[in-house]
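*Asks:* The structure that follows is given in the form of structure tokens.
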Protein chains: 2
Amino acid sequence: MAASSSVNAARALAGFAVSSHGPPSGAAHSDRLTLPAGAFALSSLSSRSFSSSHRFLRQAHPASRRAAASAPIRAAAVETLEATVTEAFVEKSINTIRFLSIDAVEKANSGHPGLPMGCAPMGHILYDEVMRYNPKNPYWFNRDRFVLSAGHGCMLQYSLLHLAGYDSVQIEDLQQFRQWGSRTPGHPENFETTGIEVTTGPLGQGIANAVGLALAERHLAARFNKPDNEIVDHYTYVILGDGCQMEGISNEVCSLAGHWGLGKLIAFYDDNHISIDGDTEIAFTEDVSARFEALGWHTIWVKNGNTGYDEIRAAIKEAKAVTDKPTLIKVTTTIGYGSPNKANSYSVHGSALGPKEVDATRQNLGWPYEPFHVPEDVKKHWSRHVPEGAALEAEWNAKFVEYEKKYQDDAAELKSIISGELPAGWEKALPTYTTESPADATRNLSQQNLNALAKVLPGLLGGSADLASSNMTLLKMFGDFQKGTPEERNVRFGVREHGMGAICNGIALHSPGLLPYCATFFVFTDYMRAAIRISALCEAGVIYVMTHDSIGLGEDGPTHQPIEHLISFRAMPNILMLRPADGNETAGAYKVAVLNRKRPSILALSRQKLSQLAGTSIEGVEKGGYIISDNSSGDKPDLILIGTGSELEIAAKAAEELRKEGKTVRVVSLVSWELFEEQTDEYKESVFPAAVTSRISIEAGATLGWQKYVGSKGKAIGIDRFGASAPAGKIYKEFGLTAENVIAAAKSL
Amino acid sequence: MAASSSVNAARALAGFAVSSHGPPSGAAHSDRLTLPAGAFALSSLSSRSFSSSHRFLRQAHPASRRAAASAPIRAAAVETLEATVTEAFVEKSINTIRFLSIDAVEKANSGHPGLPMGCAPMGHILYDEVMRYNPKNPYWFNRDRFVLSAGHGCMLQYSLLHLAGYDSVQIEDLQQFRQWGSRTPGHPENFETTGIEVTTGPLGQGIANAVGLALAERHLAARFNKPDNEIVDHYTYVILGDGCQMEGISNEVCSLAGHWGLGKLIAFYDDNHISIDGDTEIAFTEDVSARFEALGWHTIWVKNGNTGYDEIRAAIKEAKAVTDKPTLIKVTTTIGYGSPNKANSYSVHGSALGPKEVDATRQNLGWPYEPFHVPEDVKKHWSRHVPEGAALEAEWNAKFVEYEKKYQDDAAELKSIISGELPAGWEKALPTYTTESPADATRNLSQQNLNALAKVLPGLLGGSADLASSNMTLLKMFGDFQKGTPEERNVRFGVREHGMGAICNGIALHSPGLLPYCATFFVFTDYMRAAIRISALCEAGVIYVMTHDSIGLGEDGPTHQPIEHLISFRAMPNILMLRPADGNETAGAYKVAVLNRKRPSILALSRQKLSQLAGTSIEGVEKGGYIISDNSSGDKPDLILIGTGSELEIAAKAAEELRKEGKTVRVVSLVSWELFEEQTDEYKESVFPAAVTSRISIEAGATLGWQKYVGSKGKAIGIDRFGASAPAGKIYKEFGLTAENVIAAAKSL
């Protein structure tokens, strides 16, 4: 293909027919291209005035507009190229990305230059030619999303954000790569760097997050778009590498993406044949594209990802044309492209090139500049993204004004989802219970809460890993989110816990008002722990509905019975581990979970029926630990019994017996250790007076960690072995989780 | 196909040409078949006498023997069928399996009847016609392995083990299904029921274990087989369901199985279109067979898995004929086959049918018997597996005698692998260090240990999830285990942590003397936690080499820095969490790990260099916690400083400073909490005298749990937030993990 065709391709991508002012498509062989005059005027307008004039332009061509809307290609609404963009200039821009990455890794003497060097062409084309975003408002709702699933290559993304004009990544930030307190940490972190959508690095998480982002777009588009106003309309782009492809999670989520037909998900597979241990031949010889076809994806192979810019552009165009399937673009690249001695080897993957090789690479690619230098023409070229991004957002804002006028209720819902502002009084929907309410499993009580909340929280959606009828997670007023019914809210994840968690992270980070929940048996958090940890780290307020939370599940046996799981999450930073004991506590747990939008919550719920206890409350749960009963006067009971979840009623029962014998006993529900630790010292002392050292905890889980509350003189009753297969009551008895055993322990203290 | 051909197929599978005494292949249409007279004589011989006569028989046909050896079909060496085996009889046997399963679930009122009812034909054909095993010695080394990856269907396997004559599953055991203390727990557990190879239930684990079993076979066969004596030669069969297929782990391991070309792995995919949430259409519409082809598998589709016995037999024959690829046999079945009202629905998946439907099913399948009845002819038919199994083993034993005579050294190695007996004096290979030895990262010290041990432990093999050069796990004297070099011992797992762990479980459970190790960054135990938990539960002594064990890894940042991981494994039952501080402790950790063959070990190892400390020792590590230095007289130091791993040297340094100021300070290394807890109370008191309440712990991880050792008056220095991206030294300082901070804390106590 002639060089100029690249620009034609880029323009076609941008959703424009090639203007009659330019050379006819495919005819001209000049390597310069004059773009329509109108395109230039735009950047000289303020975004507001642009917005209206642009709307006028669009309205002036209703037929072509409609055609564009129904046509497979929908992309940037504005022409984005400067007057003269040659292939040589594109290469210069790409080399700028390469050397910013090389220089930053070199300065830090730490990092991964190989991927940015190989993927710079994809990066350039995406951020400079294809994607719609507003650098000065990285949170603009309708932006295209980009995820670097191969997060170790983050210098690629930092370089692109810098060139595109994001305030978060100044040249000084690039120079502080991987340093204490910098905005350019060792892997992309959405909570450190605006412009980064999700937190990646652990391989496979990013592609899963991207599936979540694309799911969110499809769901919201189906719910809110109108024939005359497609208010939700963006793409999700991903770059993933061999490492991501090998991880099981990526197969899980890509199977789902294919099943759901997420046509606006476009994944670039950086096929560079190198992983840390060397050539991928040693461990990865499957036919990836054939696998993706089996998963229901459209696949394209770009054979020359190093310099075949037009191939990349054409692939994106083709991907956009396929609207009913996600697309995998396998892009064969050379890791460390440009490095004469280290390219195509693992040595360029995860280490600085070293000064000598950096020099050699500069020479090889003809790069005469100092480290961290961005040539003026490159700077100027990229600078248009600031006004154009503002224009894109302004145009969308105007569109939203129209939308709001015509579709008030929908607009209000969408606004709540975009802003994250919860509807006033939502918490009134939470059910309450009295001791007269029937005993019930907290998994059932959880379903009552979920269904009550779904009525008032427009952003609540989620589902289970093929255990909906066991986890009790179906929203009864909604159908299934499926290819043909994406407006519905029950998501069927299949038996894919890991993918489920990471997809929910993507949903949560799509819009502040989306509240994803997901469910499986508590023990199977082991399958999804990496995703849960990322929820905690990236501040995604996912609600984890984890039923069958102890040996109380009975006959399924030790493979299904969690033991160490409660403590393992209590020790994880920035996550709430909640184990409610009855109806009021389950409602309290949901209140906490919904309010904590930047901290995920795990609700551990029982399979078995539990009594509705006296003294439990939503307010109590919000404090994490509180007294549910105490027959002492003053603040000095003989004994404090502490329980959580299904064992709180055992503690209450034991207390009742001990009180009959004349003891003063306090019963404390310690439903969330994290929330309790956040209370004032005064409050904590009021619950656990230092002077009362006779303390017994009872919980159907590991005792390790309980020493913190029972102290050196207390006793923790729990389970420090694997479970067993038998009816639940029998196991409780055999394992000593009984009121009798609590009473005996109390007497021994 | 005519009914009789089924038996021909079965006989062909068993490696015999159809005898001239029987009807010519494909010609007869009688539904009865007379087998060669010689086949009957066998069961009347004692296994020893049979063995020799059989050997004679084999030797008498050297040409056909050779042909059989090189031909793709290698299966049962003895003819196994009774005089008259009709299709109707096979169906009766299959229905016996179905009703034993139905009845057991019904009696327990808990369990999963659907799979056993649908998979009974596969089960029958495998255990009755195809597999080579010895019911009276379930541990016979050269047995075919069977794994029920869809472990919830365990009644299938229990029924088969019962019919085949395993002592572990008597009729009373079936009647005690899922009850306290029974040998028939809710999911298959190798540690409860002999004859069960691995522990399944958590979906996808079984197929991964099976890949490990097949890897072990292939490795040992390549190492030990001789042209004249194929001493290692068995198949690995698996049944997996839709749930297993959806889990990412199964894609990971099947990609590896294809890469390795594990031709003797034959997986039956129970394609029944039903999972717990209903039709698999709602979440699982990929083309599974196409995916497996992309993974390098041979695939076959048995369209009628319910009654197409010949189709199943032919598929197995075809699978065996493909020796360079594993085979997936997709068997389309009806879940709950035979139940007139519940078949083909999720309701039959995980609940008892209920008395009414059991009656209807009895009527439907023409089963007039009482619950738990095994018809006499079925019993008689299956009874031959006891003598035949004994004969198979005896034959193999004789073969081993020959082998031993000819290949003494190999035989000794193989014996050690089969028996699990460690070579005498192996521990002398462990390296030792003095304070003069150079400071080094424990990951490097780990590599010294691994390489030293590989010389003396014939069963040591393993590798890393694409981090060999970071985890330092390469065995330098060996090459890579690959398709063309399966005799080598460095396994390249690719970026597939979860699959890696579960494959290692399979390797460990293949033979007691196989010592698999596997490696990744410690934080990525999150990816493989479900497999690690199964190691602990199923008593597989896998060695987990987990490097980069704290913020000490530096610039990669919080996604890569473990925080809560140490405590999360300390709380897990039956696993050893070891965090060595230097060379001697690393050697100690390996000694412990090698000796604990029924308990996995996790070694948390540093990326950064650590000093060789005074006072550390292998013996100390074996006690879990011990004093490395103390300047007090008597047993009453002013202060106890406790450290693990990389923080032990900080504790030692702080102690030195404090001692200069006149304090008496004890420094304790608490390298393994589990081992320490197993010591006598006296020993524990000698390390942590109750009277000394001034205690400070320092560890670069969560503080939760440390209250157990520092007590109410002590202080735990650690990290209760996520890490950060910066050079390691900087993070240590910023997070207060310094000798200065320990000293300040000491002064504040």
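Cβ atoms here come from the backbone N, Cα and C positions, even for glycine.
Just so you know, TrEMBL annotations are computer predictions that nobody has curated.
Feature table excerpt (TrEMBL):
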- A:Glu497: active site, proton donor (ACT_SITE)
- A:His112, A:His349, A:Arg443, A:Ser470, A:His548, A:Asp556, A:His560, A:Arg607: substrate binding site (BINDING)
- A:His152, A:Gly201, A:Pro202, A:Leu203, A:Gly243, A:Asn272, A:His349, A:Phe524: thiamine diphosphate binding site (BINDING)
- A:Asp242, A:Asn272, A:Ile274: Mg(2+) binding site (BINDING)
- A:440-612: domain 'Transketolase-like pyrimidine-binding' (DOMAIN)
- A:His112: site 'Important for catalytic activity' (SITE)
- A:His349: site 'Important for catalytic activity' (SITE)
*Asks:* How long is the line from the C-alpha of A:His548 (substrate binding site) to the C-alpha of A:Ile274 (Mg(2+) binding site), rounded to the nearest angstrom?
*Replies:* 43
*Asks:* If you take the centroid of the Cβ atoms of A:Asp242, A:Asn272, A:Ile274, the listed Mg(2+) site, which other residues of that chain have their Cβ within 8 Å of it?
*Replies:* A:Gly241, A:Asp270, A:Asp271, A:His273, A:Ser275, A:Thr280, A:Ile335, A:His349
*Asks:* Would you identify the secondary structure of A:Ile274 (Mg(2+) binding site) according to DSSP, in three states?
*Replies:* strand
*Asks:* Based on Cα distances to A:His560 (substrate binding site), point out the closest of the recorded positions A:Gly201, A:Pro202, A:Leu203, A:Ile274, A:Glu497.
*Replies:* A:Glu497
*Asks:* With every protein chain in view, how many other Cβ atoms are within 10 Å of the Cβ of A:Phe524 (thiamine diphosphate binding site)?
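*Replies:* Around A:Phe524 (thiamine diphosphate binding site), other Cβ atoms within 10 Å: 25.
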*Asks:* Using Cβ-Cβ distances, find the residues under 8 Å from A:Leu203 (thiamine diphosphate binding site) that belong to the same chain and are at least 6 apart in sequence, listing them in sequence order.
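*Replies:* Long-range Cβ contacts: A:Ser149, A:Ala150, A:Gly241, A:Gly243, A:Cys244, A:Met246, A:Glu247.
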*Asks:* Mind checking which of A:Asp242, A:Glu497 has the fewest other CB atoms within 10 A of its CB? They're the recorded positions.
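*Replies:* Lowest Cβ count within 10 Å among the recorded positions (A:Asp242, A:Glu497) is A:Asp242.
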*Asks:* Name, in the order they occur in the sequence, the residues of the same chain whose CB lies under 8 A from the CB of A:Asp556 (substrate binding site) and which sit 6 or more residues away.
*Replies:* A:His548, A:Ser725
*Asks:* Rounded to the nearest angstrom, how far is the Cα of A:His112 (substrate binding site) from the Cα of A:Glu497 (active site, proton donor)?
*Replies:* 30
*Asks:* Measuring Cα to Cα, how many Å separate A:His112 (substrate binding site) from A:His152 (thiamine diphosphate binding site)?
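*Replies:* Each residue's Cα considered, A:His112 (substrate binding site) and A:His152 (thiamine diphosphate binding site) end up 6 Å apart.
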*Asks:* Taking only same-chain residues 6+ apart in sequence, whose CB is under 8 Å from that of A:Asn272 (thiamine diphosphate binding site), what do you get?
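*Replies:* Residues satisfying the criterion: A:Gly114, A:Leu115, A:Gly118, A:Gly241, A:Asp242, A:Thr332, A:Thr333, A:Thr334, A:Ile335, A:Asn344.
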*Asks:* Which residues does A:Ser470 (substrate binding site) neighbour through Cβ under 8 Å, counting only same-chain ones at least six apart?
*Replies:* A:Arg443, A:Ser464, A:Phe521, A:Thr547, A:His548, A:Arg607
*Asks:* Using DSSP reduced to three states, classify A:His152 (thiamine diphosphate binding site) as helix, strand or coil.
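*Replies:* In three-state terms, A:His152 (thiamine diphosphate binding site) counts as helix.
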*Asks:* Given A:His152 (thiamine diphosphate binding site) and A:His349 (substrate binding site), what distance in Å do their CA atoms have, once rounded to a whole number?
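*Replies:* A:His349 (substrate binding site) has its Cα 9 Å from the Cα of A:His152 (thiamine diphosphate binding site).
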